[in-house]
Amino acid sequence: MRLAVNIDHIATLRNARGEQEPDPVAAALLAERCGAAGIVCHLREDRRHIKDLDLARLREAVTTKLDLEMAMTGELQEIALKTKPELITLVPEKREELTTEGGFDVARHFAVLKEFLKPLNDNGIEVSLFIEPEKKAVDLAREAGADLVELHTGLYAQKELENNTDLELQRIREAATYAKSIGLRVVAGHGLNYRNIGPFREIPEIEEVSIGHAIIARAVFTGLDEAVREMLRLIQ
């Protein structure tokens, strides 16, 4: 299993003082040196953490894989086509939320989604949809033109706090198995941390996990290099 490191909260920390440090690009390069297989950043519509300049600099610097998380808007589509990350992940977005609260509603946006994805597909940019671990969502993601799906693990993380993860883990496992069986690649993310990541080693269909907040929080105490390496030890 591979690790993609989300560096959004390096930018959050920088923006808290309106300064230049810490630098998200420096964090991305360090994560890569420590074994991360990809770097994730979310260019939100309100630019609350990652800024346009950060994205441009990340595109120049990242040598593994750059995964741009974004909402389905014309502005961000143009930015993606110009920047050409290896992967874009479409996520739902609400201005009032602290973090992404759920999976993309593929059924609701299906007709528009197919048209939105076409120029990205045509320009060689792989597309992932951040979805709930449900068979219908997986089917629609494939039909819309996604190359892979990122299964939303937020409810699993919430259940972990309640010591009640079995049903949600089974739902994720079944969705991953089904997605793989119909030709989609599978990754997972949201709320994963050093306590709850272990069971994902037993789901071979999930090829990568995307983790940000837990790693950045651990890095405050251990340093980013050790935080990344510790997570890699847990997933490999």
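Residue numbers in this text run from 1 along the chain shown.
Every residue gets a Cβ built from N, Cα and C, even glycine.
If you look up Swiss-Prot, you'll see N6, R17, G191, G212, H213 marked as 3-amino-2-oxopropyl phosphate binding site. Look at Swiss-Prot and you will find D8, H9, R44, H49, T99 tagged as 1-deoxy-D-xylulose 5-phosphate binding site, backed by sequence analysis. Annotated active site, proton acceptor per Swiss-Prot: H42, E69, in sequence order, evidence recorded as sequence analysis. Annotated site 'Transition state stabilizer' per Swiss-Prot: E150, in sequence order, evidence recorded as sequence analysis. Feature annotation from Swiss-Prot assigns active site, proton donor to H190.
Feature annotations (Swiss-Prot) mapped to structure.
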residue: N6; record: 3-amino-2-oxopropyl phosphate binding site; CB count, 10 Å: 25
residue: H9; record: 1-deoxy-D-xylulose 5-phosphate binding site; CB count, 10 Å: 21
residue: R17; record: 3-amino-2-oxopropyl phosphate binding site; CB count, 10 Å: 8
residue: H42; record: active site, proton acceptor; CB count, 10 Å: 23
residue: R44; record: 1-deoxy-D-xylulose 5-phosphate binding site; CB count, 10 Å: 20
residue: E69; record: active site, proton acceptor; CB count, 10 Å: 27
residue: E150; record: site 'Transition state stabilizer'; CB count, 10 Å: 31
residue: H190; record: active site, proton donor; CB count, 10 Å: 25
residue: G191; record: 3-amino-2-oxopropyl phosphate binding site; CB count, 10 Å: 19
residue: G212; record: 3-amino-2-oxopropyl phosphate binding site; CB count, 10 Å: 23
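Using CA atoms as reference points, the recorded positions D8, H9, H42, R44, G212 were checked against the residue listed as 'active site, proton donor', and the closest is G212. In this structure the alpha carbons, written CA, of H49 (1-deoxy-D-xylulose 5-phosphate binding site) and E150 (site 'Transition state stabilizer') are 22 Å apart. The least crowded of the binding-site residues H49, H213, judged by other CB atoms within 10 A of its own CB, is H213. Cβ neighbour count for D8 (1-deoxy-D-xylulose 5-phosphate binding site) (all protein chains, 10 Å cutoff from its Cβ): 22. Under DSSP, G212 (3-amino-2-oxopropyl phosphate binding site) is assigned to coil, being neither helix nor strand in the three-state scheme. Per Cα geometry, E69 is the residue among the recorded positions N6, H9, E69, E150, G191 nearest to H42 (active site, proton acceptor). Looking at the residues that bind 3-amino-2-oxopropyl phosphate per the record, N6, R17, G191, G212, H213, the two CA atoms farthest apart are separated by 26 Å. Comparing the Cα of N6 (3-amino-2-oxopropyl phosphate binding site) with the Cα of every entry in R44, E69, E150, these being the recorded positions, the smallest distance points to E69. Listed recorded positions near G212 (3-amino-2-oxopropyl phosphate binding site): D8, H9 (candidates D8, H9, E69, E150; Cα-Cα distance within 10 Å).
Distance noted between the C-alpha atoms of G191 (3-amino-2-oxopropyl phosphate binding site) and D8 (1-deoxy-D-xylulose 5-phosphate binding site) is 14 Å. If you take the CA of E69 (active site, proton acceptor) and look 10 A around it, the binding-site residues you hit from H9, R17, R44, H213 are R44. DSSP assigns R17 (3-amino-2-oxopropyl phosphate binding site) to a helical segment in the three-state reduction. Reduced to three states, the DSSP call for H49 (1-deoxy-D-xylulose 5-phosphate binding site) is coil.
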